[in-house]
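What Swiss-Prot lists as NADP(+) binding site is GLY165, ARG166, SER167, SER190, ILE231, and the listing cites sequence analysis.
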Amino acid sequence: MAERLTGKPVADAIKEELKGRVADLKAKGIVPKLGIVRVGARPDDLYYEGGAKKTCESIGMDYEVFEYPQDIDQESFEKAIIEIGAKKDIHGILMFSPLPKHLNERKIRSLIPVEKDVDSLTLGSAGKVFADDPTGFPPCTPTAVMEILKYYNIPLEGKRAVVLGRSLVVGKPAAILLLRENATVTICHSRTKNLPDVCREADILVAAVGRAKMVKEDYVKPGMVVIDVGINEDPDNPGKYCGDVDFDKVEPIVDKITPVPGGVGSVTTAVLCKHTVKACEILNGLV
């Protein structure tokens, strides 16, 4: 049976480190603060928001929720985002997406100040991540993947990493972050030929396609590390969730694997707070 790379100890270690950094900031009269922007009240957004609030509270960080009705118009929402971005006491901004279809999301994202964009919503942040600029913040989910690999001392240099999925939110930034650690990276997608064969070449497989239990036993090999980013409704167990990996079939074969739930997702709010604390330090000229 594979070793389960659970997220809780990773998140706990991040939060423990952040408590000290927040205390240092408070000693200077600075309180890091996250602004959470939400339109409507989707259950998934409310669930993540609850986790973010809890994490902020656990490390002594502040937060403020900016909630808007589902039918808010473009002009009003743009004005609201500009006002939030200008607040000196807000150091990081999380905006839930997708926004309602009548809103121009690309335009609204562009109004978030890059230095407060702690989940890589803007093109400016994406550019910084691509250019390895240390002041840029990658999306929280692929950063959580890297935090897990680091915590469990999984070597990356010279290793073959396959990223299954090419989204701007996970796949592409995950590939960039793996490249930073000198892994040799392949990105796979729906048009990749002989997909299971390509995935089997990996030492580390990152599954981020958003398809329940897509990764079967023919995608993996003994000795592999599997990081499952997916969170999907389980087709075999109504009301429950599963990842992109068919856990029961893959776990007996591979060396290490993240569970769903309890894996990558449980680390993302800790990363969100870590990014916000760093943004606060940068904005106050402390790094």
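Heads up, the Cβ atoms here are built off N, Cα and C, so glycines get one too.
Annotated features taken from Swiss-Prot, shown on the structure.
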{"residue": "GLY165", "record": "NADP(+) binding site", "DSSP class": "coil"}
{"residue": "SER190", "record": "NADP(+) binding site", "DSSP class": "coil"}
{"residue": "ILE231", "record": "NADP(+) binding site", "DSSP class": "coil"}
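Under 8 Å, Cβ to Cβ, and six or more positions away along its own chain, GLY165 (NADP(+) binding site) finds GLY171, ILE187, CYS188, HIS189, VAL206, ALA207, ALA208, VAL209, GLY210, VAL229. Farthest C-alpha pair in the NADP(+)-binding residues GLY165, ARG166, SER167, SER190, ILE231: 18 Å apart. Counted within 10 Å of its Cβ, the other Cβ atoms near SER190 (NADP(+) binding site) come to 9, all protein chains included. Of all Cβ atoms in the shown protein chains, 18 besides its own fall within 10 Å of the Cβ of ILE231 (NADP(+) binding site). Counting only residues at least six positions away in the same chain, the Cβ atoms of LYS172, ILE187, CYS188, HIS189 sit under 8 Å from the Cβ of ARG166 (NADP(+) binding site). In sequence order, ALA208 are the residues near SER167 (NADP(+) binding site), counting only same-chain partners six or more apart with C-beta under 8 A.
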